[in-house]
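Before any comments, here is the structure.
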Amino acid sequence: MAAIRYRAPPPDRALPNHTPEDEEPFNIIPVHNLLADHPSLRYPEVRAAAAALRAVGNLRRPPYVQWHPSMDLLDWLALFFGFQRDNVRNQREHLVLHLANAQMRLTPPPENIDALDPGVLRRFRRKLLKNYTSWCSYLNKKSNIWISDRSNPDVRRELLYVSLYLLIWGESANLRFMPECICFIFHNMAMELNKILEDYIDENTGQPVMPSFSGENAFLNSVVKPIYETVKAEVENSKNGTAPHTSWRNYDDINEYFWSRRCFQKLKWPIDLGSNFFVISSKQKHVGKTGFVEQRSFFNLFRSFDRLFVMMILFLQAAIIVGWEDKDYPWHALESRDVQVRVLTIFFTWAGLRFLQSVLDIVLQYRLVSRETLWYGVRMVLKSVVAAGWIIVFGVFYGRIWSQRNQDRRWSGEANQRVLTFLKVAGVFVLPELLAVALFIIPWVRNFLENTNWRIFYLLSWWFQSRSFVGRGLREGLVDNIKYSLFWILVLATKFIFSYFLQIKPMIKPSQMMLDLKDVKYEWHEFFSNSNRFAVGLLWLPVVLIYLMDLQIWYSIYSSFVGAAVGLFAHLGEIRNIPQLRLRFQFFASAIQFNLMPEEQLLNARGTLKSKFKDSIHRLKLRYGLGRPYKKLESNQVEANKFALVWNEIIMIFREEDIISDRDLELLELPQNSWNVRVIRWPCFLLCNELLLALGQAKELVDAPDKWLWYKISKNEYRRCAVVEAYDSVKHLLLEIIKVNTEEHSILTVLFQEIDHSLQIEKFTKTFKMTTLPNFHAKLIKLVDLLKKPTKDVNQIVNTLQALYEIAVRDFFKDKRSIEQLKEDGLVPRDPAAMAGHLFENAVELPDPADETFYRNVRRLHTILTSRDSMHNVPTNLEARRRIAFFSNSLFMNIPHAPQVEKMMAFSVLTPYYSEDVIYSREQLRTENEDGISTLYYLQTIYDDEWKNFMERMRREGMVKDHEIWTTKLRDLRLWASYRGQTLSRTVRGMMYYYRALKMLAFLDSASEMDIREGARELGSMRRDGRLDGLGSERLPSTRSLSRNSSSVSLLFKGHEYGTAMMKYTYVVACQIYGTQKAKKDPHADEILYLMQNNDALRVAYVDEVNSGRDMKEYYSVLVKYDAQLGREVEIYRVKLPGPLKLGEGKPENQNHALIFTRGDAVQTIDMNQDSYFEEALKMRNLLEEYKQYYGIRKPTILGVREHIFTGSVSSLAWFMSAQETSFVTLGQRVLANPLKVRMHYGHPDVFDRFWFLTRGGLSKASRVINISEDIFAGFNCTLRGGNVTHHEYMQVGKGRDVGLNQISMFEAKVASGNGEQVLSRDVYRLGHRLDFFRMLSFFYTTVGFFFNTMMVILTVYAFLWGRLYLALSGVEGSALANSSSNKALGAILNQQFIIQLGIFTALPMIVENSLEQGFLQAIWDFFTMQLQLSSVFYSFSMGTRSHYFGRTILHGGAKYRATGRGFVVQHKSFAENYRLYARSHFIKAIELGLILTIYASHSPVAKDTFVYIALTISSWFLVVSWIMAPFVFNPSGFDWLKAVYDFDGFMNWIWYKGGVFAKAEQSWEKWWYEEQDHLRTTGLLGKCVEIVLDLRFFFFQFGIVYQLGIAANSTSIAVYLLSWIYVFVVVALYVLVAYAHEKYAAKEHIYYRLVQFLVIVLAVLVIIGLLEFTSFRFVDLFTSLLAFIPTGWGMLLIAQVFRPMLQSTILWELVVSVSRLYDIMFGVIVMTPVAFLSWMPGFQAMQTRILFNEAFSRGLRIMQIVTGKKSMI
């Protein structure tokens, strides 16, 4: 490094309207001015990269522009092609930084350190342009990168290609979502670049070639804008995402246009604006959908996962055929040739399913066919023809078998011959499948075939799948293949055995009996006589549905155990708590050294087998303490000091975060070695009680020799250290408080010399009495107590010293010595007067009270002398314990070695932010809700200990009175609260720990032994003088609680650490509307500025809208930072955009615009509700090393990281949510990554390989609606494009979750809708087809399949209950009961397999993960606690949410982003609000199921036996109760009688509120009612038909019940049903009449209105009396008929809503609206009744609070005070 050569400064560039060079704002490195005084410029690599860019050499200069010598290659490109100036500046820094970082990582370093290494550049060019070269080869185009890899490196040319790509990318705005579109642009521009470089002459002008466009912003206007405008026009065509996906092109469609060669023929270059590509979908001659059509239909699931469904259906068919024989085991049945031949019918089904598949292809994808894609259409038709042909062929050959068999009346040889012929035909049919299996067994062959772009392979595979640029070569290596195949073979075997013996076989007998049941007495009009087939079908329906979904449960069970096994092998959960950490703390220092400190990586290459073997041996030693590694700690002081620095920094940060108190800090820290202590001074919490135990041993072994006693004590390392430290400290302390040069001082010195001597010659026990030690101990405690007191009583100290002296001289020596002897030995004063009791009187001199070092050590000595408790609960805070335990455990896991900070990969973090809270304001903290609780009070109660620690810190920082917290310390208070919410400031603090950690690690990397030793000593003294960490307030202003603050270690930094850390890490927050917020003077903007002020590495990117003349707006991507020298925010880059940013979904668009400002090789995507921890940040450089290792046959492109859900303690709901989420983000992801190899990217803390994703479409997809779950598509895209996703559990990131039921439901609705959209998407279709069979299963059951199966569970309940209702009302059940043989059968049918649905489904992974990480007993205890808190009610409720939104989205669409809000929930939600949210998704469905159960109870002969009824329906009733009661059980004060009364009033007001045009759904029922039908407006014809068919079920009630009424007089004629409709029409007519009278007379001639009412009532009474008298009408029929007719009305209303476009203009519509209002009132009352009853019952409210807040209760939360509203504590 010493040979740093500065270049001469370049002459100034005088560009117009621009600041001089030196002052030009820069982002990370001032590339424009290499002579600036900036720490990162000390690296020769930075200057080498910049110099390489400046080497323009003899390139032809661009015409028409003045060329300055200081310009570089990027300026050259910009002047030729018209790139924006700030884009050039941004990419210049990007490129220099990346090349410099890459060159720093070279080992060994290049010979010429001042020149850019060609190898670095070549590797970067290959990586960056990899996607481009594979695109060229896919399209059989020659690549336009004219560099041969064999020739000498041409650095300048390589740089030009790389720069050109980055400049194109940096300015492409929304086009970045379309990577192949960028390839197309690059392809053509690279060609023009080549022509310029090769000095081509333009044929038309005879001049040297010029690009087809140049000038200011030429690239933006000529290339980006036309394509952008097309995207924008298509998006406008989508009517805000409500139009069907088929009618407009999304980002993917436009991108996939560039997957065929037509882009060259049609679009041409320069871009032909007349091309049909630019014609919007609704016009003629447009380019339609490309590659895929997203059509709404449930059949998409079958289309995407056809192999799975084919397997399920064929097995079901075969199982039923075999089971029908009623043999014990299937192989017995298969001995019969008849059965064998019948089983062959599965080939019919198979061919039929293929035919269905081909027809679906035609129906759903016909829009893809155009003149340009004719072959696609030909193939679809041919496939259908062939599939139909197969059905006929099978039919013919199968018929021949039976005709021969029937002719011969036995299985003759001829018949068997025909069976063989059939099998040969079937063999031809399954040939493609066999080929697939063969290729599955040898995956590399398949990968080769798919990845090579040879025509012959393309022709061979043309029939099976359409050619696509993505999804090729997705096979994994052989080992992985075997692992996940074994997993799935086991799961499938279990499932099929279970299904056959426990689902299908028990159904066979009852079905046969039902079919044989003769003369069934039907109780209604039977349309098909003498057939019980329909009844049998209804019995089978729930069984088949369960059969289809229960694979999910088996997957869940097996994956839990596999996940636990993988976790165990990864050494998760070995240190779960502080006692376990104490056992291993001695090896902890070595583990930190081994994992976090880089070894000198000289020439011993890492990764060789030898080094791997040595590593694993070393890890074993560390893990189990073999070879006692802590022995080294005392000899190797540097290691001890490094460990102390790291450990103390972690503990200091805990103190800053207020999760430990000052006392905890003293107990936890590793104090520096002062007072001449000879051993390492372990933290106090490890030494507790040890000294007393040693004293005990000394007393017991009075006569034992020294060696034996010391051996016994030394068995425990901490005990040995405690004894030595106590002795050394007492010695130092006594000599310190007694004046030097006094007689007393010399006496003590002699005494200690004697003791030391006896220890040396191992005669201590011989010389001294062990029994006096306890007396010493007691007196020393007294002495230390006196020294600890604030006011020190010197007389008492003197007395105590005298007492100690007495014991030492009189009792301590075994051989009594006379006074003379003592004088001789120097143990008594020479002066006899001193003996007279004045010893020590004038000799004591106490250090100054400000000497923090001395008194801290005294306090430590006091702790060692006195502590008796085991200190298992230090630190007291649970979060601090969890973090220490996780961190220490992770260091014993298998982590890659850390490189030095200089040699690590650089990375960025990107957080999209819109307008959430940044820092809570004073008002937010003080404002009280209706119950009188302020946010601050809530936080103080839940984080009780942290609040005390905060106040303790504030007092230490100079706060005198508590109320100052609202004045001088207000900023601290606001930050304290914000760090406990889900705010931007919390996220920023967490992410800035990376920067802080890197600075510290950079210091430790480069610091010499002297630095560290001196530093440690200096820090020790500073910390003890109170000049540090806020222990004295003069030095540190309180704002230092953020992270520009220098932590303790930062006082030792040399300066270069900042430069290193800045080069390796940058944090970009994409605050989309920051510009608007600044303009509006929004407080959010000031708070964001405050965050920038306090965090060096924080950058804010936003979109700036600038008015440019008449109604025109210009849009810019802007990056800003805070400049400490100027003291203000400065703008670094401003890149113009082609138009408004948000064309697709908001979050991915926001991420995408800020992506150009990120730096480094990796980017971590962090959401607004996340947090990180300092100790985790220390491991980041280890994590990034994973990119260099192979996982299977590929290196990773996404590194998955686990999350810790930090909102679990807020309420029981938050706890359920976090338990479910935790098992998903740990165990679930672990199994997906290994062994299943299908982990995608479900969300946030994952680390992306930045350049890989940057060239392949970015970090997420953004098409409107279809990509509503934008994150997961990054994973799909990654897998399809051949990436690899791993999961690492030694790192964790904090994450907040929703905490109130309404927030959780909104979140689940968003996720379920997102999954509904995924079902339609091309990504899922391609993965379903391109992954091999077993990975496809894993993929299905962990993404859309999970939601599909949740929906199947709910459908099963429906199918079961409707089936029972049919049996009961039709009379089949009665007849079956009468027939004794089938009586038993009916009881056996489906004795409820639904219990499965609730428990195992969600609970098992949770229990397994908990027992892995917290211990089995704790996990079981947690599980039972959860059950007591009604977690099952919550999980059943969320199943309802999921299935409702998932199903509705697939059928009708209407998925939308739901902002869930991230506040704290202690607020009571009103009944009206709950009704609005859950009426359609839960309440009405629950009422429908409840109605079926009630009717079944009253009309079924089976249900007369109470036990049978309960056994049959208990889980269905549980579902009904959960769906109705959950919103109230989990609502604070849900069962408060007064609130229930108010709520009902509010509900009625909402229902009747007329409202104006602008009324919101929250105010007016009518507005809400219309909003609930939105999905019917956007749905297609198919969706409407399905909706009507589903609504018809409500008419069944009437049909079934009418025949049960007395008035029907046991008639089963159809006339009974038809006559019952008279009733419906009469009621409607009466309703209309009363409504008309109300409208006409109610206001003015009230008497007429009353008269009409009176007449109606009289008429009704007369009719009833008449019926009772003259027909067989019973009075009960009145109520029974309500059960019949109310559902009919509801069904009619639902159908009317479907026909709304026709009805809305007619008079009928008003009737529909007013009847709907009555229905909603009725539903409201039904739901409200149980709530009101429970509110009225005493004691329920207290119980409910207990259920809701139990977790917080156990942490001492006085929630009753919260709910009854005590005021804030300060």
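Just so you know, glycine gets a Cβ as well, placed from its N, Cα and C.
Whatever TrEMBL says is automated annotation, not expert-curated.
Annotation comment: TrEMBL describes 1-23 (among others) as region 'Disordered'.
For 156-272, the entry in TrEMBL reads domain '1,3-beta-glucan synthase component FKS1-like'.
The transmembrane segment feature in TrEMBL is assigned to 305-324 (among others).
What TrEMBL records for 344-364 (among others) is transmembrane segment.
Same-chain residues lying 6 or more positions outside the transmembrane segment (376-399) and placing a CB less than 8 Å from one of its CB atoms are 344-345, 347-348, 351-352, 354-355, 357-359, 361-362, 365-366, 368-369, 418, 421-422, 425-426, 429, 462-463, 466. Taken from TrEMBL, the feature transmembrane segment applies to 376-399 (among others).
Feature annotation from TrEMBL assigns transmembrane segment to 419-444 (among others). Tertiary neighbourhood of the transmembrane segment (419-444): same-chain residues 340-341, 344, 347, 350-351, 390, 393-394, 397-398, 400-401, 464, 475-478, 481, 1332-1333, selected by CB-CB distance under 8 Å and a gap of 6+ residues from either end.
The transmembrane segment annotation in TrEMBL covers 456-474 (among others).
Panel annotation: around the transmembrane segment (486-504), residues 315-316, 319-320, 323, 330, 543, 546-547, 550-551, 554-555, 558, 562, 1235-1236, 1334, 1337-1338, 1393 of the same chain, lying at least six beyond its termini, place a Cβ under 8 Å from a Cβ of the stretch. Positions annotated as transmembrane segment by TrEMBL: 486-504 (among others).
Summarising the annotation, TrEMBL assigns transmembrane segment to 531-549 (among others).
Annotation source TrEMBL lists transmembrane segment at 555-575 (among others).
The annotation region 'Disordered' is assigned in TrEMBL to 1023-1042 (among others).
Packing against the transmembrane segment (1339-1365) from elsewhere in the chain are residues 301, 305, 308, 538-539, 541-542, 545-546, 548-549, 551-552, 555, 1228, 1232, 1236, 1238, 1240, 1272, 1312, 1315-1316, 1318-1319, 1324, 1327-1328, 1331, 1373, 1390, 1394, 1397, 1401, 1439-1440, 1442-1443, 1446-1447, 1489, 1492-1493, 1495-1496, 1500, 1512-1513, 1515-1516, 1519, 1593, 1596, 1600: each is 6 or more residues past its ends and has a CB under 8 Å from a CB in it. Here TrEMBL flags 1339-1365 (among others) as transmembrane segment.
What TrEMBL records for 1508-1530 (among others) is transmembrane segment.
The transmembrane segment annotation in TrEMBL covers 1647-1668 (among others).
What TrEMBL lists as transmembrane segment is 1675-1698 (among others).
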Same-chain residue ranges lying at least 6 outside the transmembrane segment (305-324) that approach it to Cβ under 8 Å:
330, 333-334, 339, 342-343, 345-346, 349-350, 353, 357, 496, 499-500, 504-505, 508, 512, 544, 547-548, 551, 1328, 1333, 1336-1337, 1340, 1345
Go through the chain and flag residues at least 6 beyond the ends of the transmembrane segment (344-364) whose CB is under 8 A from any CB in it; none is fine as an answer.
293, 295, 297, 299-300, 302-303, 306, 309-310, 313-314, 317-318, 321, 380-381, 383-384, 386-388, 390-391, 394-395, 398, 419, 422-423, 426, 429
Under the DSSP assignment, what numbers of helix, strand and coil residues are found in the domain '1,3-beta-glucan synthase component FKS1-like' (156-272)?
78 helix, 2 strand, 37 coil
Outside the transmembrane segment (1647-1668), at least 6 residues beyond either end, the same-chain residues with a Cβ under 8 Å of its Cβ set are 1607, 1630, 1633-1634, 1637-1638, 1640-1641, 1674-1675, 1678
